Amino acid sequence: MALPKLSYFPSSTAYSSFDPYASLDHPLEEALEPLVFPSPCASTISPGMEKSSVGVIFNDFKDGERPSLWSKSSLPSPIDDIPDEGIQAWTVLFGVICIAFTTSGYMSTWGVFQAYYEGSLLQDSSRSTIAWIGSIQQSFLYIPTLIFTRLLDAGYFRTTLSTASVVFVVATVLVAQCHVYWQFLICQGLVTGIAAGAFSGPVTAVLSQWFSRRRGLALGMYAAGSSLGGTVLPITAKLLLPRIGFVMILILLCSKWTVRAVALIIMVGLTLGNLTIKQRRPLLVNKSRFHLSSISWSKIYVVYCCAVFSIYLGYYTFTTYVAASSITIGLSIGFSFYLLSICNASSGLSRIASGLIADKTGAINLMIPITTLSAAVYFAWPFIRSEAVLVFLSIAYGTSIGPFASLVSSPVLDIGEKDQTGNRIGVLLSVAGIAMLLGTPISGAIDKSWGPIAMGVYAGSMMLFGVILMIIVRYWSKKEHTRSLRQQKLAYQDSPEKRLSVLYKIDPIRFSLLGYSTLPQQEESITEYSQLLE
């Protein structure tokens, strides 16, 4: 019998982050042309077919004859209906920005705390010892994301978000009551960091559900919220610290009433985030146990994780020590505090701009040159003694680290199956968190033993090595794309069985849209569909 052709939904953005040919149409559209027609809603659909949420299924088979792969329940929902310009999408983005301002924005002010602790409250502790408070706080922004993104995948996003909000506000208030090192380490380092980590990975994954074409812009605006908080809070601390004293050192300055007011601001921001952020759909349809072996460990993904690890070993060295180092070389305390705000402000502007640029060029194509500039700043930093040049370096470093911070997870969103998004982001950010935990204490120890020049060389070298790994990732991605095009050209001229076999190997997601979802179904489904074509 003559069988109508099956329609599927193409995706022209699936390789937008890694692929240097991001502007090309999806290559499968050409390879599968013999098997598809333009639109499932076209007027040419015959009475023997009915529309489904994904494509076209056939209703002229008897119940006992209809192949199971054509049932509605076996076909996934379309993956390319993400409403980039819908009011709900932009409302979610607003909530995400509020979350970033009150959590990672607060953590961006750690350099102020580092300088203040060294000079007064914890002056008996070494620079690298104090740095552990900030590194634990910053690392736990990412390390637990493997757990929290798994909760997202399993459907516990709302519970996780609300619980973390309460813990973060309580921890903020408790820091004002701390007096000795271990208390700061637990409250400001561990508890606050873990609470903030409950937002980082899940919020990024949820944001990717609402934005596709403008994903880079959305991630840039999300990251800019962090920079906004990191710009406002250090300036506030500088202005109020001489008037009120310390107790604010937690997040703004020092009076107990100030801390409570800041906690109120944080509570308002987190409340807005909880009210406006929502999932479009769960990323998994079940709550099965997570295994690392379930993730697609392609060489591109593994090397990219290594690149992120290397870069984050040096990433926070400048923002952590620039204020303290400036005071050490004789510059004023007030000026030193402003350096951190200047750096964060520059970072915020570049994060938004990088989102717009990355939507056109691809994330990794932008991250490579801009991160190279960050490495160059580290090599120059130890030799600078003037205020004007330090301001210039702060602007340069903030501008260069902004794109990396906003786009770091963007390439991962396009690797592997869509139902692994949360797990892949969780693994990546956990790797980044481990590097953040170790990076600044190592830098502080190197500075103590060998001086600031050695510290700058260490941080710059780590970032430069990460750039080299990203170049390798880009090369492999380009090579993989070329290989896929070659395979698809061969499949185009081959039998239906060969076309579907190649399709499964090069794009399992598109393969699933044709009705097949797992490897054990491959041979049976190909044979079944081939018989129908005959």
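Glycine is treated like the rest: Cβ placed from N, Cα and C.
Here TrEMBL flags 88-478 as domain 'Major facilitator superfamily (MFS) profile'.
Tertiary neighbourhood of the transmembrane segment (92-117): same-chain residues 123, 125, 127, 130-131, 133-134, 137-138, 141, 168, 172, 184, 188, 192-193, 195-196, 199-200, 203, 206-207, 210-211, 218, 221-230, 232-234, 237-238, 241, 246, 249, 251, 265-266, 269-270, 272-278, 316, 319-324, 327, 333, 336-337, 340, 344, selected by CB-CB distance under 8 Å and a gap of 6+ residues from either end. Annotation comment: TrEMBL describes 92-117 (among others) as transmembrane segment.
If you look up TrEMBL, you'll see 129-148 (among others) marked as transmembrane segment. For the transmembrane segment (129-148), the residues of the chain that approach it from at least six positions outside its boundaries are 103-104, 107, 110, 113-114, 117-118, 122, 160, 181, 184-185, 188-190, 192-194, 196-198, 200-202, 316, 320, 423, 425-427, 429-430, 432-441, 443-444, judged by C-beta separation under 8 angstroms.
Residues or ranges marked as transmembrane segment in TrEMBL: 155-175 (among others).
Outside the transmembrane segment (181-207) by six or more residues, the chain places 92-93, 96, 99-100, 103-104, 107, 113, 117, 122, 125, 129-130, 132-146, 148-149, 151-152, 157, 160-161, 163-165, 167-168, 171-172, 174-175, 215, 218-219, 222, 250, 273, 277-280, 283, 409, 421-422, 425-426, 429, 433 with a CB less than 8 A from a CB of the stretch. Taken from TrEMBL, the feature transmembrane segment applies to 181-207 (among others).
Residues or ranges marked as transmembrane segment by TrEMBL: 219-237 (among others).
Feature annotation from TrEMBL assigns transmembrane segment to 257-277 (among others).
Long-range contacts of the transmembrane segment (298-315) within the same chain, counting only residues at least 6 positions beyond its ends with a Cβ under 8 Å from a Cβ of the stretch, are 18, 371, 374-375, 378, 401, 404, 408, 411-412, 415-416, 424, 427-428, 431-432, 434-436, 438-439, 442-443, 458-463, 465-467, 469-470, 472-473, 476-477, 480. Residues or ranges marked as transmembrane segment by TrEMBL: 298-315 (among others).
Taken from TrEMBL, the feature transmembrane segment covers 321-342 (among others). Sequence-distant neighbours of the transmembrane segment (321-342) (same chain, 6+ residues past either end, Cβ-Cβ under 8 Å): 108-109, 111-112, 114-115, 118-119, 127, 230-232, 234-235, 237-238, 381, 385, 387, 390-391, 394-395, 398, 440, 443-444, 447, 452, 455.
Listed as Cβ neighbours of the transmembrane segment (363-384) (distance under 8 Å, sequence separation of 6 or more from its ends, same chain) are residues 16-18, 20, 216, 311, 314-315, 317-318, 322, 350, 354, 357, 390, 393, 396-397, 399-401, 403-404, 407-408, 410-411, 451-453, 455-457, 459-461, 463-464, 466-467, 470-471, 473-474, 477. The annotation transmembrane segment is assigned in TrEMBL to 363-384 (among others).
Here TrEMBL flags 390-413 (among others) as transmembrane segment.
The transmembrane segment feature in TrEMBL is assigned to 425-446 (among others).
Marked as transmembrane segment by TrEMBL: 452-476 (among others). Sequence-distant contacts of the transmembrane segment (452-476) (same chain, at least 6 residues past either end, Cβ-Cβ under 8 Å): 18, 20, 299-300, 303-304, 306-311, 313-315, 317-318, 321, 325, 364-365, 367-368, 371-372, 374-383, 411, 439, 442-444, 446.
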